[in-house]
Amino acid sequence: MFPPTTDWFRQALLKKPKKMPVNPESHSSDGSQSASQDSHRPSNPNSVISSNPSSAHVDTSSSRGRWSKDYDVCVCHSEEDLTAAQELVAYLESSTDSLRCFLQLRDATPGGAIVSELCQALSSSHCHVLLITPGFLHDPWCKYQMLQALTEAPGAEGCTIPLLTGLTRDAYPPELRFMYYVDGRGPDRGFHQVKEAVIRYLQTLS
């Protein structure tokens, strides 16, 4: 004979659990509510929904990779093209996506070595916009920046964005012949196309 405690435990194991009654109305209601929620759930949680299908936007809620660097764009330009570079930066920073731009004369550390500052700016930026003009081609620092930008991300498609201004296609640097450039002869000097290219690249970081 089992001890009283053991006998009680055996009886508890032999008892069948009671089935809970199912309310068909509540089940149907739960099912319809779930279906309703699924119908409103986006098929891709990382997709960007824009009211303007022709314009891309950065989904800041899912673009954590964007904040891994200090800047979204580093604008490389010659000294004589400072005004054009400032206008491009003002256009990018005033966009709805509030792009973070590095402009050498504005953001470089006072007293810092030029080479160190240029390298740091490129490595701290996701995209590199090369403002290619006659002055750019004759400036040795600009060529250094161009080569350094290509070295920073040789396999990152869309990371380096050339903006050709005041030059013919024949003058396009041979180092960049493997990638398309933005034509700066349009009414907005190619600024909108540059912005869209930057945003598309930032979306790949999500």
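Glycine is no exception: its Cβ is also placed from the backbone N, Cα and C atoms.
Per TrEMBL, the feature compositional bias 'Low complexity' maps to 29-55.
Taken from TrEMBL, the feature disulfide bond applies to Cys74-Cys119 (among others).
The feature disulfide bond is assigned by TrEMBL to Cys127-Cys159 (among others).
As annotated by TrEMBL, domain 'TIR' applies to 69-198.
Here TrEMBL flags 13-66 as region 'Disordered'.
Here the domain 'TIR' (69-198) has, by DSSP, the following mix of helix, strand and coil residues: 60 helix, 24 strand, 46 coil. Candidate disulfide-bonded residues: Cys119, Cys127, Cys159. Fewest other C-beta atoms within 10 angstroms, Cys119.
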